[in-house]
Amino acid sequence: MAELKETYACIPSTERGRGILISGDPKSNSILYCNGRSVIIRYLDRPLQVAVYGEHAYQATVARYSPNGEWIASADVSGTVRIWGTHNDFVLKKEFRVLSGRIDDLQWSPDGMRIVACGDGKGKSLVRAFMWDSGTNVGEFDGHSRRVLSCAFKPTRPFRIATCGEDFLMNFYEGPPFKFKLSHREHSNFVNCLRFSPDGSKLISVSSDKKGIIYDAKTGDIIGELSSEDGHQGSIYAVSWSPDSKQVLTVSADKSAKIWDISDDGKGKVKKTLASPGSGGVEDMLVGCLWQNDHLVTVSLGGTISIFSASDPEKSPVSFSGHMKNVNSLAVLRSDPKIILSTSYDGLIVKWIQSIGYSGKLDRKVTSQIKCFAIVEGEIVSCAFDNKIWRVSLLGDQCGDANSVDVGTQPKDLSLALNSPEVTLVSFETGVILLRGTEVLSTINLGFTVTASVISPDGTEAIVGGQDGKLHLYSITGDTLNEEVVLEKHRGAITVIRYSPDVSMFASADVNREAVVWDRASREVKLKNMLYHTARINCLDWSPDNTMVATGSLDTCVIIYDISKPASHRITIKGAHLGGVYGLAFTDECSIVSSGEDACVRVWGITPQ
């Protein structure tokens, strides 16, 4: 049996020059955001408890809780809205095709009966309001000529809907059935976000022209604006009201968040400026915010979520981050507590501590992309798409000096001799390269298309897998390779080869969904019929006690085999990662870490059957 112990969640997908609209549920103290096709439910007081909804066929853009907290409506770039339950495996209630283009915002009516959605589309259909159970229209929304970025439903009767967008307009509708009432063009740039106050008395809109305008929620008339004194110096991307409707939180491209006091006559004055806790680069621009209970949540362009306390804004915030893109490799430092390092191809290395979670990003002096990655004795060895092999020393939380060697060709795989970690085997399209430190010992053309390789811990043997599915075993003497034997069993290109920790066995896997365990001494097959995946196998790892092999595949599953039992006695983790599993590493005999396309890292507990 395998059970999910921890999830280290991905961070919200962000886009330069656009805000993101996160939302939450004050009762359960959770927030909702989107990354790829996933909708993430994250609990502010329990960072390791994360739920992921992955049923959208296209990239998800926005999600909102219904007023009673029982349902979530989420939307995607195809214009589809899905309404699903927050309990019982996220059962789907309804699915509607609402717009012809992407949906940027949606909002429930306070009675939970209607939903308004807005975004991009053809012709005039940029906003639609519909009944949540039948999908029937509840009004006509004319008046916008370009993409509508935000919409809001007045939380008290009489109901009103306000919309704003890229045509610099704020439109106001009365109903139901809703019809156009009036329009304001006070902003001189994109209007990014608008929100009604929880008591239903005011409405605020914020824009890329650095202004915030406050309206009467019932009539739609302008009553005031946010003071320019000590105001934002960049585009304002998002706004959120305090639960008592007396203050708002805004975030901006000037890397700051501000708390404003809103007077009864609609004037806004800065009460406090919250600085972004980053280094001050582009990644620290703030693009999303939420005021929930006593929590002030801000999201930066780099995806870092910071939580300030509303009652004590001086207190330094709790920040957590993670990956935004596919996590393609993992490494475990078997220290105490165990440290997991994960990398994504955009060059980010994130450090996690088992049972604690996010522990920071490793700042390398040279941020190159990462394709393959290995770690040994305080040193990170990586290769990417720039034909270079990087060796970076690891000093606690920071990376030290980086040395690189240009191997003159695109590396495909990378393997370290663990007992003499200076020795590295790098494979490329038609052969392998032997390195000692950052010095090339030899470049050997093998005469066949290489797809995977591994070097034994003592550096005396190498196994190279080919496009033809054959495994070539070589003995290494000095800087030369001598072919010993060719093993044939696989029916597809080899994707991964790994020695067992005691080096008595090795395992290999291919694109034709098969894995094989071999005995190293006799070179015979030790465990066969490991054919339970339905797509290519991307990664493989051995347990520290040499008794189990785990494989991760494009079919989203992780399968764990016991070497002493037939392959049918397997443990299968279905749907481990939406889009496929790309990284696997055992932390000890009874837990394994996986990572994948969904940018999440998960820790599973294994109990042998």
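Placement of Cβ uses the backbone N, Cα and C atoms for every residue, glycine included.
What you are looking at is a predicted structure, and each value in this text was computed from that prediction instead of being measured.
If you look at the repeat 'WD' (53-84), the same-chain residues 6 or more away from its ends with a CB under 8 A from one of its CBs are 13, 21, 23-25, 27-28, 32-39, 41, 90-108, 110-112, 115, 117, 119, 121, 132, 575, 578, 598. Summarising the annotation, TrEMBL assigns repeat 'WD' to 53-84 (among others).
Note on the repeat 'WD' (184-225): residues 18-19, 21, 149-156, 158, 160, 162-166, 168-170, 172, 231-241, 243-245, 248, 250, 252, 260, 262-263, 265-268 of its chain, located 6 or more positions outside it, place their CB under 8 angstroms from a CB of the stretch. The repeat 'WD' annotation in TrEMBL covers 184-225 (among others).
Averaged over the repeat 'WD' (229-263), the predicted model has a pLDDT of 92. Taken from TrEMBL, the feature repeat 'WD' covers 229-263 (among others).
Look at TrEMBL and you will find 487-519 (among others) tagged as repeat 'WD'. Within the chain carrying the repeat 'WD' (487-519), a Cβ under 8 angstroms from the stretch's Cβ atoms is held by residues 451-454, 456-458, 463, 465-471, 473, 525-528, 530-531, 533-542, 544-546, 549, 551, 553, 555, 561, 563, all 6 or more beyond its ends.
Summarising the annotation, TrEMBL assigns repeat 'WD' to 530-571 (among others).
With helix defined as DSSP H, G or I and strand as E or B, the repeat 'WD' (574-609) counts 0 helix, 20 strand, 16 coil. Residues annotated as repeat 'WD' in TrEMBL: 574-609 (among others).
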Original post:
Near the repeat 'WD' (574-609), which residues from the same chain, at least 6 beyond its ends, have a CB less than 8 A from one of its CBs?
Top reply: 1-11, 35-38, 50, 52, 54, 322-332, 334, 338, 340, 342, 344, 352, 354, 535, 538-545, 547-548, 550-558, 560, 562
Subject >> the repeat 'WD' (487-519), counted residue by residue under DSSP: helix, strand, coil >> reply: 0 helix, 19 strand, 14 coil
